[in-house]
Amino acid sequence: MRRWRRMKWLPELDMARRIEPGRPAGGIMAVAPCAMDRGVECAYSWWLAALVLVISSISFGAVSAVPVLLKPLAREWNTGAASIAWVHMSTLVGAGLGSLVLGRMMDRWGFFPIALTASVATACGLFLASRASGILTLHLACGVLIGGVGQGAFFSPLTAALSRWFDRHRALAMAIGTSGQGVGGFFIPPLLRLGADRIGWRTTLELYAGVALALLVPCALAFRRAPPVTIAAASAPAAEQRNGEHWHRFWTLGLALALTSLATFVVIGHVVAFGEERGFAPVVAASLMSGLLGATLFSRLLAGWLARHWGGFRVLLVASAIHLTGIGLLAVSQGYPALVAASALIGLGFGGYLPIYALLASDMFPASESGRRIAEMYFFAFVAAGLGSGGGGWMHDVSGGYAMTFRCAALMACAGMLILVAKRKRFDVP
């Protein structure tokens, strides 16, 4: 039986004789019934994509709570921007470390138990943050529960889990998996800031915890069904992953992503506080982040479509150039219209480059390793994002404003862009 299952002409066997989707048979994963003649995609794939958008929106909204509420939190404990920014840093670094562990767990045990645990952890983290009596409690709530377990599961592993339900539209699926930053980032920051002004930030986070629990747990239940994995993907030659050229490209992408993400989260972590310092009303200042993250929704979906026609690396170059232009404009902007335009450009670039990095990384390795490889790629992004948010607060307190902070962010974005341009021939781009 073992030898029979491993024979190369197994894909030509009658579909009725295939085993149940998602269950191993001699090291080979069977194809789901919906994949009989059209690949692995089916109606359930797109249903999951919609649920993933809800999950990632709520999770990223929880992650963005600290920078959105930076001023109220700083006033609560009479501290500077740096102290609160370090909480956001611990959230992002925790998410990066969590994604490494949870990505490997997903490859071994599936995504459903991880999704269920992360749903409860996100809600508990928000509730604990609402009851925090000091900054140390915020670090525990945000760094471990919201970041390490919640965002650690609901970004890299979530994107990898969704990608296993797609083949023809896999780039678009990865874009959807990361589009929660756009949806959640557009709607949630103004609501959090408005709630903090009207009913207080503690009550606002308590309500958010209840909403998160009510929505995330039912969405997580959809992952009880095992994903279809094509035999070709599951049995990809192991030698390919040991190819030195692939690893060189992987580390090149990781370095470029780290520099670009550092620049992005200097802005995301402080654009609301920057707006308030410029004299804008709190809700108006929060709209700068909404505009930035809302723009990512458009560019992420567009990037997934363009990647099929132009190639992923070309899309990455264009998105990085737009991102660099936006940060450069922000560094010299004064009035509100210019700040809105700069935020929108940053969002368009951010939304375009992030899913493409995951797509390029996943294409280098077998599908059975997608969870860990995408998590490893995004680990660079999370750690650099945490350093950007925390370092941005430190530079603000040292320099007395955000002018120097945003100029340094522009330099980091420029360095990331130069690496991509210098190494483009390794990705077959002239």
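Each Cβ is built from the backbone N, Cα and C atoms, and glycine gets one as well.
The annotation domain 'Major facilitator superfamily (MFS) profile' is assigned in TrEMBL to 45-428.
With a threshold of 8 Å between CB atoms, the same-chain residues lying at least 6 positions outside the transmembrane segment (46-70) that come near it are 81, 84-85, 87-88, 91-92, 95, 115, 118, 122, 125-126, 129, 138, 142, 146-147, 150-151, 154-155, 158, 162, 165, 173, 176-181, 183-185, 187-189, 192-193, 196, 201, 205, 208, 211-212, 215-216, 219-220, 222-223, 268-273, 286, 289, 293, 389. Taken from TrEMBL, the feature transmembrane segment applies to 46-70 (among others).
Remote same-chain partners of the transmembrane segment (82-102), defined as residues 6 or more beyond its termini with a Cβ less than 8 Å from a stretch Cβ, comprise 63, 66-67, 70, 73-74, 114, 118, 135, 138-139, 142-144, 146-153, 155-157, 265, 269-270, 372, 375-376, 378-383, 385-387, 389-390, 392-394, 396-397. TrEMBL lists 82-102 (among others) with the feature transmembrane segment.
Feature annotation from TrEMBL assigns transmembrane segment to 109-129 (among others).
When Cβ-Cβ distances below 8 Å are used as the criterion, the transmembrane segment (135-159) is approached by residues 52, 55-56, 59-60, 62-63, 65-66, 73, 77, 79, 83-84, 86-88, 90-99, 101-103, 106, 111, 114-115, 117-118, 121-122, 124-126, 128-129, 174, 177-178, 180, 355, 358, 371, 374-375, 377-379 of the same chain, each at least six residues removed from its ends. Annotation comment: TrEMBL describes 135-159 (among others) as transmembrane segment.
Look at TrEMBL and you will find 171-192 (among others) tagged as transmembrane segment.
Positions annotated as transmembrane segment by TrEMBL: 204-223 (among others). Residues of the same chain lying 6 or more positions beyond the ends of the transmembrane segment (204-223) and with a Cβ under 8 Å from any Cβ of it are 47-48, 51, 54-55, 58-59, 61-62, 65, 110-112, 115-116, 118-120, 122-124, 126-127, 129-130, 161, 192, 195-196.
Positions annotated as transmembrane segment by TrEMBL: 250-274 (among others).
The annotation transmembrane segment is assigned in TrEMBL to 280-303 (among others). Below 8 angstroms of C-beta separation, residues 64, 67-68, 71, 171-172, 175-176, 178-179, 181-187, 189-190, 192-194, 196-197, 267-268, 271-274, 315, 319, 322, 336, 339-340, 343-356 of the same chain, each at least six residues beyond the ends of the transmembrane segment (280-303), sit close to that stretch.
The transmembrane segment annotation in TrEMBL covers 315-332 (among others). For the transmembrane segment (315-332), the list of distant contacts is 256, 260, 263-264, 267, 299, 303, 306-307, 338-339, 341-353, 356-357, 360, 403, 406-407, 409-410, 413-414, 416-417, 420-421, 424, 429: same-chain residues at least six beyond its ends, Cβ to Cβ under 8 Å.
Under 8 Å from some Cβ of the transmembrane segment (338-362) lie the Cβ atoms of residues 156, 159-160, 163, 170-171, 174-175, 177-179, 181-182, 249-250, 253, 257, 260, 264, 267, 271, 275, 278, 288-289, 291-300, 302-304, 307, 312-313, 315-316, 318-327, 329-330, 370, 373-374, 376-378, 381, 427, all in the same chain and six or more residues away from its ends. The transmembrane segment feature in TrEMBL is assigned to 338-362 (among others).
Annotation source TrEMBL lists transmembrane segment at 374-395 (among others). Counting residues 6+ beyond its ends, the transmembrane segment (374-395) has Cβ neighbours under 8 Å at 67, 80-86, 88-93, 95-97, 99-100, 102-104, 155-157, 159-160, 163, 250, 253-255, 257-259, 261-266, 268-270, 354, 357-358, 361-362, 402, 404-405, 408-409, 412 in the same chain.
Annotation source TrEMBL lists transmembrane segment at 401-422 (among others).
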